[in-house]
Amino acid sequence: MMAYLVFLGPPGAGKGTYAKRIQEKTGIPHISTGDIFRDIVKKENDELGKKIKEIMEKGELVPDELVNEVVKRRLSEKDCEKGFILDGYPRTVAQAEFLDSFLESQNKQLTAAVLFDVPEDVVVQRLTSRRICPKCGRIYNMISLPPKEDELCDDCKVKLVQRDDDKEETVRHRYKVYLEKTQPVIDYYGKKGILKRVDGTIGIDNVVAEVLKIIGWSDK
């Protein structure tokens, strides 16, 4: 089974959750660019990591050429030979073009760019309901995945907190920024004829089933 996928969608769409589920079913690796960046800046002997860490510590945006280099390095690893699910990249048309040319150099091409459609109010409800344990980092959702005891972590019995970027005003701002930044990428894949839209409100199992259908995966 070979599938090269890009996952697009607003914060709170569930991209990481769907990618993990599809990885479990198909063995196609989930590549989260957020995770790659967190890992690379921890490596003391990595020149690229050092450069990125300096930029991030100044609070500046990492330029496309460095982001592209990090992604290229990860996609060149053996586990990505027969596919990947990219989550968090590309964020710009320039990055999308770089990804295309890199895949072309490997005689590969994207199978699909999957866009999870989730309305703003649903994103707001999902993210403002999110709580985190300040001690162990476990994430809860007060609607869909609540703790056993009200507002207390099941493991630590510590009072759960809401992250600043999960407050309503911030979530609405993040959604607006997402629309502005991602629309050109959505249009880019739409013109290429590989954009597939999935309703992100139909429940995890149904969403995963839709994506598996797109890539032609069968359990049989």
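The first residue you see is number 1, and the count goes up from there.
In case you wondered, yes, glycine gets a Cβ from its N, Cα and C as well.
Here is what Swiss-Prot records for this protein:
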BINDING   Gly12, Ala13, Gly14, Lys15, Gly16, Thr17, Arg130, Ile139, Tyr140, Ile202  ATP binding site
BINDING   Thr33, Arg38, Glu60, Leu61, Val62, Gly88, Tyr89, Pro90, Arg91, Gln95, Arg163, Arg174  AMP binding site
BINDING   Cys133, Cys136, Cys153, Cys156  Zn(2+) binding site
REGION    32-62  region 'NMP'
REGION    129-166  region 'LID'
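On the structure: features taken from Swiss-Prot.
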residue	record	DSSP (3 states)
Gly16	ATP binding site	helix
Thr33	AMP binding site	helix
Glu60	AMP binding site	coil
Arg91	AMP binding site	coil
Arg130	ATP binding site	strand
Cys136	Zn(2+) binding site	coil
Cys156	Zn(2+) binding site	coil
Arg163	AMP binding site	coil
Inset, instruction - Please name which of the binding-site residues listed here, Gly16, Tyr89, Arg91, is nearest in space to Cys156 (Zn(2+) binding site), Cα against Cα. - result: Gly16
Inset, instruction - Between the Cα atoms of Arg130 (ATP binding site) and Arg91 (AMP binding site), find the distance and write it as a whole number of Å. - result: 24
Legend entry - Integer Cα-Cα distance in angstrom, Arg163 (AMP binding site) to Cys133 (Zn(2+) binding site): 10
Inset, instruction - Would you mind checking how many other C-beta atoms are within 10 angstroms of the C-beta on Tyr89 (AMP binding site)? - result: 24
Legend entry - Listed binding-site residues among Glu60, Val62, Tyr89, Arg91, Cys153 whose Cα sits within 10 Å of Tyr140 (ATP binding site): Cys153
Inset, instruction - Return the maximum Cα to Cα distance in Å (whole number) over the record's AMP-binding residues: Thr33, Arg38, Glu60, Leu61, Val62, Gly88, Tyr89, Pro90, Arg91, Gln95, Arg163, Arg174. - result: 29
Inset, instruction - Might you list, by sequence position, any residue in that chain lying six or more from Cys153 (Zn(2+) binding site) with a Cβ less than 8 Å away from its Cβ? - result: Cys133, Lys135, Cys136, Arg138, Tyr140, Pro147, Lys159, Leu160
Inset, instruction - Out of Glu60, Val62, Arg91, point to the one nearest Gly14 (ATP binding site) in space (Cα versus Cα); all of them are binding-site residues in the record. - result: Arg91
Inset, instruction - List the Cα distance (Å, whole number) between Tyr89 (AMP binding site) and Gly12 (ATP binding site). - result: 16
Inset, instruction - Among Gly12, Ala13, Gly14, Lys15, Gly16, Thr17, Arg130, Ile139, Tyr140, Ile202, the annotated ATP contacts, find the widest CA pair distance and round it to a whole Å. - result: 22
